[in-house]
Amino acid sequence: MRRAVVVFSGGQDSTTCLIQAINQYDEVHCVTFDYGQRHRAEIDVARNVSHFLGVVAHKVLDVTLLNELALSSLTRDNIPVPDHSESEKSAIPSTFVPGRNILFLTLAAIYAYQVEAEAVITGVCETDFSGYPDCRDEFVKALNKAVSLGIARDIRFETPLMWLNKAETWALSDYYQHLDFVRSQTLTCYNGIQGNGCGTCAACHLRANGLEQYLNAPEKIMTEMKAKTHLV
């Protein structure tokens, strides 16, 4: 039996990865992390989405220690969440949470070890990575090697969205006939608003632009997505 663990936030990217994983693996588990994020509504959204999609198990892990160590506008009420125009001016935006993906992927791999899963799946993306250094392909591959050595098991870190832009990510959800579900039921917004979000933060801006691009040229973008992902 093929098993996978999805690092799951309930956002567009991780939900798209989860939908694909359900189509590719016999058994899928989700891991969601409570790190004291301001947009805590994502935890409830993640529970609801994973239940609706029928995963085998969904773990919510308390990693609030990260909140004590990592200064970010996603974990501190006194640091404002920038709108998309402000985010574009900074190489590393204030929404970056230092060490987040290091911790998440490592803990997900430990859980994968426990349930004998062959893969940990994450929705990080270098094409639209918003300036986050821990969303880069180089980082994920390096950590994958270190973790596999550390637990003496070849658990594979999969990044299905790594080279897709946001429009192509929408195409991937449409390929699996879940575009409307992802559009209405996920939470990507840094201000914690489900669906279309606040419309002003960087995450909402990226998501909305990608959707508009896809809806304006669905056949072209679907073809490009299939070529990148080797889907038929």
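Every residue, even glycine, has its Cβ placed from backbone N, Cα and C.
Source: prediction; values computed, not measured.
So that you can see what the record holds, here are the features copied from Swiss-Prot:
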BINDING   PHE8, SER9, GLY10, GLY11, GLN12, ASP13, SER14, THR15, THR16, CYS17, LEU18  ATP binding site
BINDING   CYS189, CYS198, CYS201, CYS204  Zn(2+) binding site
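Surrounding the centroid of the Cβ atoms of PHE8, SER9, GLY10, GLY11, GLN12, ASP13, SER14, THR15, THR16, CYS17, LEU18, where the record places ATP, the chain contributes additional residues within 8 Å, namely VAL6, VAL49, GLY123, THR186. Within 8 Å of the centroid of the Cβ atoms of CYS189, CYS198, CYS201, CYS204, where the record puts Zn(2+), the same chain has further Cβ atoms from THR188, TYR190, ASN191, ILE193, GLY197, GLY199, THR200, ALA202, ALA203, HIS205. Using Cα positions, the member of the binding-site residues PHE8, GLY10, GLN12, SER14 nearest to CYS204 (Zn(2+) binding site) is identified as GLN12. Residue pair SER14 (ATP binding site) / CYS189 (Zn(2+) binding site) shows a Cα separation of 13 Å.
Cα to Cα, PHE8 (ATP binding site) and CYS189 (Zn(2+) binding site) are separated by 15 Å.
Here THR16 (ATP binding site) is positioned 21 angstrom away from CYS198 (Zn(2+) binding site), judged by their C-alpha atoms. Remark: of the binding-site residues LEU18, CYS189, CYS198, CYS201, CYS204, the most isolated position is CYS198 (fewest other Cβ atoms within 10 Å of its Cβ). Note: the Cα of THR16 (ATP binding site) and the Cα of CYS201 (Zn(2+) binding site) are spaced 21 Å from each other. Around GLY10 (ATP binding site), a 10 Å sphere centred on its CB holds 25 further CB atoms from the protein chains shown. In this structure, of the binding-site residues PHE8, THR16, the smallest number of CB atoms within 10 A of the CB marks THR16. Rounded to the nearest whole angstrom, the C-alpha distance between CYS201 (Zn(2+) binding site) and GLN12 (ATP binding site) is 15. For GLN12 (ATP binding site), the same-chain residues that are 6 or more apart in sequence and have a Cβ closer than 8 Å to its Cβ are THR169, SER173, VAL182, THR186, THR188, ARG207. Rounded to the nearest whole angstrom, the C-alpha distance between CYS189 (Zn(2+) binding site) and GLY10 (ATP binding site) is 11.
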